[in-house]
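**Q** For reference, the structure I am asking about is given below.
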Amino acid sequence: MAPCGRVRSPWPGPLALLLLSLSLSAAEPAAAGPGLGAAGQGGQQQVPAGGPGPGGRGPRGGGGGGSSGGWKLADEPACREDVTRVCPKHSWANNLAVLECLQDVREPDNEISSDCNHLLWNYKLNLTTDLKFESVAREVCKSTIAEDAHSQGEVVACLEKGLVKEAEESDPRIKVSDECKKAILRVAELSSDDFHLDRHLYFACRDDRERFCENTQAGEGRVYKCLFNHKFEESMSEKCRDALTTRQKLIAQDYKVSYSLAKSCKSDLKKYRCNVENLPRSREARLSYLLMCLESAVHRGRQVSSECQGEMLDYRRMLMEDFSLSPEIILSCRGEIEHHCSGLHRKGRTLHCLMKVVRGEKGNVGLNCQQALQTLIQETDPGADYRIDRALNEACESVIQTACKHIRSGDPMILSCLMEHLYTEKMVEDCEHRLLELQYFISRDWKLDPVLYRKCQGDASRLCHTHGWNETTSDLMPTGAVFSCLYRHAYRTEEQGRRLSRECRAEVQRILHQRAMDVKLDPALQDKCMIDLGKWCSEKTETGQELECLQDHLDDLVVECRDIVGNLTELESEDIQIEALLMRACEPIIQTFCHEMADNQIDSGDLMECLIQNKHQKEMNEKCAIGVTHFQLVQMKDFRFSYKFKMACKEDVLKLCPNIKKKVDVVICLSTTVRNDTLQDAREQRVSLKCRKQLRVEELEMTEDIRLEPELYEACKSDIKNNCPNVPYGNAQIIECLKENKKRLSNRCHQKVFKLQENEMMDPELDYTLMRVCKQMIKRFCAEADSKNMLQCLKQNKNNEVMDPKCKQMITKRQITQNTDYRLNPVLRKACKQDIPKFCQNILSTAKDDAELEGQVVSCLKLKYADQRLSPDCEDQIRVIIQESALDYRLDPQLQMHCSDEISRLCAEEAAAQEQTGQVEECLKVNLLKIKPEMCKKEVLNMLKESKADIFVDPVLHTACALDIKHHCAAIPPGRGRQMSCLMEALEDKRVRLQPECKKRLNDRIEMWSYAAKVAPAEGFSDLAMQVMTSPSKNYILSVITVSICVLFLIGLLCGRITKRVTRELKDR
């Protein structure tokens, strides 16, 4: 059907309007009264006082809308009072003007009488019997009316379809003139109260009316509404459905075509200036404008009558159900509908299919189509009431009944509730898809979330300079940018200036929590990161993986995308509850350990810190642990991503570490500054106190997972693969594995691990494994100890009866590590800083800078201890090391290195003991003659030599002789071989009776020392002198030497006298 052409008749507009009015057909032939005189003759038959009723005489079209003397509506007793009261006096002579005036009365308190209503209905009905109508209509609209259109009803239907079709074509063949449009819409409006007056629709829907609306009383548009509600029923005839669709399209062009809507909302439209009386057919008449104008009033908290809101709800639902009622959708999305969404016309499925296309799940969509969809969503405003979206309503009904039953039906928070249950067990797949499709558009205009708009419109106007709800936004502040503006202000501190109100902040947080579930719900993120999503994250299709993927590739993203992801990550660091999926996974651990932080309205990073601290609790599940670890890894990319660290240290970073971005580098920079200030005894620390406290937290967190120390991780990746393939990350297990396999590591990894151990020994609190395993023992024994002395304290209490075996084992591991290199023992290093270069310079000079010394320096100091040549502080530390290693051979790296084969061969049973108490060392001493490797024999001899210097370094002998020392040597101070000399003298003294075990052990030691002297004689006078001084028989040897010297001196004197006498006698001769 071609659209209405330009009206070529020279007749004025009122005649065209009358012509269209004549098209209204009678619902029942019996209703038409007998004819009057011919039209145009001015003759008219009188009408009964009661007005023309069924079967009565009625007016023919004589005089029609003219002003010549004839039958006039204004003169009828049934309507005279109403006409006088309602219509202006100049219109009384024109029947059509009076009809229009009375037809426009919609206010309940200004209704016309029932008799007048009846008269008007009959008048409209009788007008259609004029035989000249068809010929005039064909003459006036001959370019529009098809030849096969015979009845007046079909002619009107043809004109209406032509008008509708023109609106749906971008370049219509024939354009409809404004006067023709007005006339067609006016005819539709005049028939809006009773469907009988729309002859085409009446005949098309007679059977459907009986089927669906049998009990619906005619009048006030009730039958129309009933039929609209059943339009998509399976049993609805296609003919009726088409006729209903045409009428709905006319309503979309002019809301007055709907009697009930125009009547219910007339006062509200006037109150909120939603229509302009002077321009009845301008844009203000469009249904979309009416809806948006009244919705704006509702969103601003204005009062709109319940009747009007009910009508608005019906028509908003109507627009969402049938895309064809929106000409913009047909014009802009025709190609997308044909390619992706054909055959899905009913119940809003076509719109949701288009939404799915826009989301990028079924191909691409044009910008115009996307804009048309966005406009339609704003017009229908389904965010205010989910029931407007029938497809969503039907898909989510079961979820609403189970998860959201506590919320009143139709409440805007239903959508929010559904979003909170997204990806949960209660959510069904179809509801999930429909919900995300709708939320995609709601997320792109902050005004489409009614709760957010109501709570934040004042803040948005004050801080973001926004316009009204239905006003066009400027290019400087598009709708998508308003929410970005709001959330930037939501997380400002009081010092930073203007902040959001409490209510608005809560809503912004709610929206952020929901958007975090799907990257497509963040317009800016999707827009700026589309290329990067395709490049790096095309395979990440699981829930929440896309954002994690972008965070993982942060350094690889284009600048604009990197900024968006960085800002979002920075926001998450302050309020991790934005990560709704993570919070859902971590709910058990939060309820158990972090509920106080979760209950705080302002997070400020406390909740994530709590989760990190409790990451290895038994209540922790795998999903939560993975999520927390991922966020920790992301934080390492930029110190701004750690909110508490950023806030505590931002001034220190700017001052001390400018141009450093990565968190690990900032931590190292600040830690180095703190350490240097401490070592140099600086009068004032350059790093502030609050920063030092938070820096400590960051340092401790980084020790938990090797991936949190990027340089170490990168250096050791291959070593981890080769040596720790099945060791899980977290709990510092990878780091511990690397330490245990240190000799197998590559040079680069070995250097990094050694540096890590050096830092841990200087600050044992950074040793995550030690702190974790010995947590309870630290509380018991070292609660008041300084963190720097924690390991020292644990070593001192290692052999306590209540010491936890696992902690004891861990302490032993750390002792072994310390004895491998003096640099890993800060206390020894400080105590022996003068002795090491003095006595062990040859070892230091030959060692490589990046190589460990394998206990050589410690062994060197042990020998000097035996020679009693160390400084007092150094001697005390070496004594402790000798005592500890005498109880456990593993603490002597040189002995373990050179004697491992001999220990396995000669002392396997002792080495296998669960707890080492010096049995292996004793075994090696006893089997000294059986030891073959010279280096091992030398180490055992060194042990013997060390034991001569102090009985405390020989635990077996000390245990055997403990009572004898107490009885016979109690007054003699330990050290420098004094107590050993005391026992040797007691052994030689026949009057002293030693314990049998002590006596036996002493005799064994004397034999060993004798053998050691033979095997390893003194290498010089100094060694000989030292051996004498450290010998248990020192006094005896010194006495013998003294006597020998005296004897030699006397012999010398005697010989001197003799030679002198002989010489004198020779001279006398």
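Cβ atoms here come from the backbone N, Cα and C positions, even for glycine.
Model, not experiment: these values are computed from the prediction.
Below, the features straight out of TrEMBL:
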- 34-43: compositional bias 'Gly residues' (COMPBIAS)
- 50-69: compositional bias 'Gly residues' (COMPBIAS)
- 31-73: region 'Disordered' (REGION)
- 175-235: repeat 'Cys-rich GLG1' (REPEAT)
- 303-362: repeat 'Cys-rich GLG1' (REPEAT)
- 364-426: repeat 'Cys-rich GLG1' (REPEAT)
- 499-558: repeat 'Cys-rich GLG1' (REPEAT)
- 619-678: repeat 'Cys-rich GLG1' (REPEAT)
- 686-746: repeat 'Cys-rich GLG1' (REPEAT)
- 802-869: repeat 'Cys-rich GLG1' (REPEAT)
- 931-991: repeat 'Cys-rich GLG1' (REPEAT)
- 1-32: signal peptide (SIGNAL)
- 1036-1059: transmembrane segment (TRANSMEM)
**Q** From the DSSP assignment alone, can you count helix, strand and coil residues within the repeat 'Cys-rich GLG1' (499-558)?
**A** 42 helix, 0 strand, 18 coil
**Q** For the repeat 'Cys-rich GLG1' (303-362), what does DSSP give as the number of helix, strand and coil residues?
**A** 43 helix, 0 strand, 17 coil
**Q** Against the repeat 'Cys-rich GLG1' (686-746), which of these stretches has the most C-beta pairs under 8 Å: 175-235, 364-426, 619-678, 802-869?
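**A** Ranking 175-235, 364-426, 619-678, 802-869 by Cβ pairs under 8 Å to the repeat 'Cys-rich GLG1' (686-746) puts 619-678 first.
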**Q** Counting by DSSP, what is the helix, strand and coil composition of the repeat 'Cys-rich GLG1' (619-678)?
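**A** In the repeat 'Cys-rich GLG1' (619-678), the DSSP-based counts are 47 helix, 0 strand, 13 coil.
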**Q** If you run through the repeat 'Cys-rich GLG1' (686-746) with DSSP, how many residues end up as helix, strand and coil?
**A** 41 helix, 0 strand, 20 coil
**Q** Taking only the residues in the repeat 'Cys-rich GLG1' (303-362), give me the average pLDDT of this model.
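**A** For the repeat 'Cys-rich GLG1' (303-362), the model's average pLDDT rounds to 87.
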